[in-house]
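Peer 1: This structure is in structure tokens; I'll ask about it shortly.
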């Protein structure tokens, strides 16, 4: 997508990313340098993305979640992300606008990409989220959501869906915007992600 491999980020991409994210020119330029160090080709594979993501969460297992995040941002399904896709992924998972984040969250939960979400897909993502929560934090969760199965059940019940029903993107976004409890249940705590990213930038 027009990324320069010479070590400088093209003006067009820099301006576009500043427009679409909250990141500053300095942050983006610094990230681009470290991105090129990790990925000299200017593209990042799923394995490389998992490796970078795991550095944000050294005391948990984010591999499964990172795979789903990667899938949701690999727009052309070529198995790689360029710098622009990578930064948008970071932005959307931490600081995007509510509706943008929910559109992304829908694509995250729509594991097979068929345009609807099933209860099994909810469970698959929730299981990936649970691998990122420290065991001592899991113990602090309420009894009706302290396992992936219970949390998936609770999410599905909030949407008023039967076992084999499907959830459309519109239902997902409207239901989540109308109920903060659903929003809390469907995501890994974004504040923790933000804190980890800030630590890495320092």
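Cβ coordinates are placed from backbone N, Cα and C, and glycine is handled just like the others.
Sharing the features that Swiss-Prot gives for it:
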{"type": "LIPID", "residues": "2", "note": "N-myristoyl glycine"}
{"type": "DOMAIN", "residues": "41-59", "note": "domain 'EF-hand 1'"}
{"type": "BINDING", "residues": "110, 112, 114, 116, 121", "note": "Ca(2+) 2 binding site"}
{"type": "REGION", "residues": "189-192", "note": "region 'Interaction with GRK1'"}
Peer 1: Check each residue in the chain of residue 116 (Ca(2+) 2 binding site) that is at least six apart in sequence and keep those whose C-beta is under 8 Å from its C-beta; list them in sequence order.
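Peer 2: For residue 116 (Ca(2+) 2 binding site), the qualifying residues are 110, 166, 167, 168, 169.
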Peer 1: Under DSSP, is residue 116 (Ca(2+) 2 binding site) helix, strand or coil?
Peer 2: strand
Peer 1: Relative to the mean position of the Cβ atoms of 110, 112, 114, 116, 121, the recorded Ca(2+) 2 site, which additional same-chain residues have Cβ within 8 Å?
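Peer 2: These residues sit around the Ca(2+) 2 site: 109, 111, 113, 115, 117, 118, 166.
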Peer 1: Within 10 Å of each Cβ, count the other Cβ atoms, then let me know which of the binding-site residues 110, 114, 121 comes out lowest.
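Peer 2: Minimum Cβ neighbour count within 10 Å, taken over the binding-site residues 110, 114, 121, occurs at 114.
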Peer 1: Going by DSSP, how much of the domain 'EF-hand 1' (41-59) is helix, how much is strand and how much is coil, in residues?
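Peer 2: Grouping H, G, I as helix and E, B as strand yields 11 helix, 3 strand, 5 coil.
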Peer 1: Show which residues of the chain containing residue 112 (Ca(2+) 2 binding site), separated from it by at least 6 in sequence, have their CB under 8 Å from its CB.
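Peer 2: Those within reach of residue 112 (Ca(2+) 2 binding site), by Cβ under 8 Å and sequence separation of 6 or more, are 121.
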